[in-house]
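The active site annotation in Swiss-Prot covers 404, and the record cites sequence analysis as its basis. Annotation comment: Swiss-Prot describes 84-103, 117-126 as compositional bias 'Basic and acidic residues'. Among the features that Swiss-Prot reports, compositional bias 'Low complexity' is placed at 166-188. What Swiss-Prot records for 2-77 is domain 'Lipoyl-binding'. Look at Swiss-Prot and you will find 128-165 tagged as domain 'Peripheral subunit-binding (PSBD)', backed by sequence analysis. What Swiss-Prot records for 43 is N6-lipoyllysine, and it gives similarity to another entry as the kind of evidence. Residues annotated as region 'Disordered' in Swiss-Prot: 80-134, 164-204.
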């Protein structure tokens, strides 16, 4: 019997996704839990597993096409298809409705367990599980985000739910991984690009990729919502240059690639603490300002697929070396398409580095709902006046954009001056803790 597999809700609050790459084709024999496709949403690339074993009859959605949750994307000739009818979007939605109408007795029995989970489980965590497993967890009163998956790529199975009910493993050690081959974007472009008749001015057209749509939406929303003001400045970083040179070899001995960026992260965190208005969110509709008592720094990363912003969490608690390692790891994940949505959430302020591309000053766009973004340009040798003499020194270009609804010009410049002071004399960062 043919089993119609529908694009499932992957738990990110996203209702559609672009089919980036199929790993199967008509005629292939597959096993349950084999990866069928990679789907890209606004946040990340996610692997979609098969809920059944069988033979692929037909792939219904081409690579590069956007499918909506619930759409049939592939048909599989599965011997147990009749028993598997509950798997997929439809039944999952029905079970959600049933939950709202009545509470399960099992859930009442597990209430003490659930209350404990609420204090320990990261509710924003991405879960890999089929709809049937999610339903099974709900029926047994288990928060699926507290369960450690033992399946392929950390996928959660019914056996994992049973083990959890019997006092087994929790979410500790659970990992969500996504994979994306560098050639996938080429495949999408090749399939989506259509050549028009040749002439004096030949053109081609292609569908806008999901990632580019997400970036465009975020940029337009930020510029339309927040009145941007950008301050541009520069600072002599000779001592910073020498400090990094002094510790570069020491860092390398322990496997750390030391760059200037971790220094900027620490300087920005210090500025956010001294001028907390920059570490807020401005909600005009609700009439509220959200004050954030944590310091997570987003690092804008340029990739082949577009701009991604992985986040260094609790940057105030980490050393220069630790931040350097984390930035390098996140950058590799970004380039390889392996960032999870969790690694791109929770930033309180962002850094954009145009200097790595040879740029100097620019007007970085705020990563809404944040209220500020620090842009760093290249370090260039320039003439400066020092002790009454003109000398050459390495000078760093800085650009600070902020939301003028929340931050006044003087506050923005004072924050910029504080950052300049720390980068001019990096030993002061030791005094910051």
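All positions are counted from 1 along the displayed chain.
The backbone N, Cα and C atoms fix where each Cβ goes, glycine too.
As the structure is a computational prediction, the values presented were derived from the model and not from experiment.
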Within the predicted model, mean pLDDT of the domain 'Peripheral subunit-binding (PSBD)' (128-165): 78
Structural state census, the domain 'Lipoyl-binding' (2-77) (DSSP three-state): 0 helix, 40 strand, 36 coil
Helix, strand and coil counts within the domain 'Peripheral subunit-binding (PSBD)' (128-165) (DSSP): 23 helix, 1 strand, 14 coil
